[in-house]
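Per TrEMBL, domain 'Pectinesterase inhibitor' is recorded for 50-203. Annotated active site per TrEMBL: His696, Asp747, Glu756, in sequence order.
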Amino acid sequence: MHPPMRKRTKILLTLLPISALVLLVTLSSLTNIVAKHPKNRETPHIHIQKKLQIAHPACEGTLYPQLCVSTLSTFPDLQSKSLPQILAATVNHTVTEVRSSESNCTGIRKKTAHLSPLDKRALDDCLELLDNTVSELKTVLRDLHTNKSANKHYNDLQTLMSGAMTNQATCLDGFAYSNSNIRSFIEGRLEKISHHVSNTLAMLKKIQGPKKTSPESEVFPEYGKMKGGYPSWLSKKDRQLLQSSVGEIDYDLVVAKDGSGNFTTIGAAVEAAPNSSTTRFVIYIKGGAYYEYVEVISRKTMLMFVGDGIGKTLIKGNRSVVDGWTTFRSSTVVYAQCGESIDLGFANLGLKMTMQVDLVGGYYDAGDNMKFGFPMAFTTTMLSWSVIEFGGLMKDELQNARDAVRWATDYLLKATSQPDTIFVQVGDANKDHACWERPEDMDTPRSVFKIDTNSPGSDVAAETSAALAAASLVFKTTDPIYAKLLLSRAREVFEFADKYRGAYSNWLRDEVCPFYCSYTGYQDELLWGAAWLHKATKNPTYLNYIQVNGQTLGADESDNTFSWDDKHVGARILLSKAFLLQKVQALQDYKGHADDYICSLIPGIPSSQAQFTPGGLLFKSSDSNMQYVTSTSFLILTYAKYLDSAHMVVNCGGVVVTPDMLRTTAKKQVDYLLGDNPLKMSYMVGYGPQYPLRIHHRGSSLPSIASHPDKIECSFGFSILNSQSPNPNILMGAVVGGPDQQDQFPDQRSDYDHSEPATYTNAPLVGALAYLAHTFGQL
């Protein structure tokens, strides 16, 4: 993915044969057993069934329901336990798993000879993080005695378990640049711990948290009931501290670089602070930049840092995983226990941001090694829409399509797992583009960037909501529990997108621009997200939202481009279906808006504004034009389907456009893409006798690990990028950017405008190809 507007591993299941041992008993012996214990034959079965009947509802909504049910089924007297007791039993079970993992890591640390310094540091981090997990889970157990106790400490429980869940991922991140196989020995147990905690968090939601006041009186509703602008569970003394100006606070210790305080370094002040304090201990850090790493160990409780203001008091560091530091040790400030900091700034100059969150999975956007959340969410929405409209024609390919959707939505669930926060990017795009290397060799920073209530991104948030809502329809019948989870999260994310409005590139300009700036604003995504929630939920709330906000969100704007950045046209087509087929009169205008789009597109009509190459290809942009070809073809075929079902046509100033005319127009575009063009070139890699051989894609252009096991360094790959040799690995099915306005295609690897594939180019094509292949008897 390259400027200005750029646009991307599966589990191998091994079946192990199981031998069965059959124990034969005589009929007379069996009769004697039954005579002495007449209920023995059915009691165990009934007991297990009762446990399962209790476990399944309790586990509903968890990300790992099979693990949840199997765990709960081992608990004695499950039927007599309250929900807090079930949660406590699950936490106790998890603590046992953590202790087992600690023993495993300790054994590896002691027995494995010749450990590299990085592996030693990573194992030491793991042991400390696992100990933190135990400490957090034991605190959770203290507050899980009764419903009343769990309700009172609901927010604390969420915070503690969220921390416990991410510790394991942070541990594994320490081995990201290790050449050993230690990670493979420990990750199974660690992932299981995270899955247990994740399930416990999901079950915790069934306990009603503290009652919230009206939204108008809540500044931060995720913290529960507010009092004076602060969470009600905050002590009066702490509230007074937070409300006080710097000059009004009584400090216990002062840190000053100029020597005017008790200490010149923060670390020394922390060391001098009392252990196991039961009252707040305040350290005032005078203005200045402190180049140090501060670790507040678990016995340093009730510690508060106060500075002279963000931008005035700044704690800086420059540790990076690229330089051999683990993720845990590259953090500038680490609290092992809960702590508070006010009027302070934190900076890590080695990484843009250090986030301890599991973001494994998802798709790279195009030919680089970047996870851009904005286009990834759009890819997910369009792949889901392809399945929704044309999945019935996919036959044996339908499950593959569902799997592809799920790979994306599993990632999006992780990216949205924290309330009012979305992790929208993994990787530093500028540093990634300064290297040409395989994903397996990648050593550029995996920086993480997010949006939240202070730095909102309604565009990427609403698109993520649309993706989750659309995907919920994909799994509605095949996996209803997963579908319900997706839809619930979609609603939460949309509420965040609408409540905290703003374009994400306003806050993350240096990180996402010029790659995926929100060029068209966020209004189109809000309309698009509401449209998908209306379709997925049938809840009148979203219909009302569309009626009230549609015009201000650009429902009747005359734009006629549909892409990862502009969703207006897609929303119009989607909403028109509700009028055409469900007769929702409130959406009648969207049929007119959809018709206007069609009239601007069809060649030979006076109102047409579309441009075409001499060979007949729709031409929107010199930069990855084929993305517009595939998205437009999908919309045309989908609208033709809606019109057919409603027995309607489009009237373009007296010219009647029928569904058949739309299908013919779409077919010409797809035929051109597949090789019916002046160059006889298929722009789908691997399809037809002639297709692009030098696509702009790192993994495709560089030799595979199998043929070249040694690492290919960052800069060495550019010699291959600029060579004329064909790519050694054929990226089957990838659609590249396509020809220029004169139907010419140079097939140069460095020409990313025309030679780079992208996931959001392929996603809408899946639906279009399913329809066309079925129509012509190829599927």
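Backbone N, Cα and C define each Cβ position, glycine as well.
His696 (active site) is surrounded by 27 other CB atoms, counting those within 10 A of its CB over all protein chains shown. In this view, the densest Cβ surroundings among the active-site residues Asp747, Glu756 belong to Glu756, judged by other Cβ atoms lying within 10 Å. Residue pair Asp747 (active site) / His696 (active site) shows a Cα separation of 9 Å.
For the pair formed by Glu756 (active site) and His696 (active site), distance between Cα atoms is given as 5 Å, rounded to the nearest Å. Averaged over the domain 'Pectinesterase inhibitor' (50-203), the predicted model reaches a pLDDT of 84.
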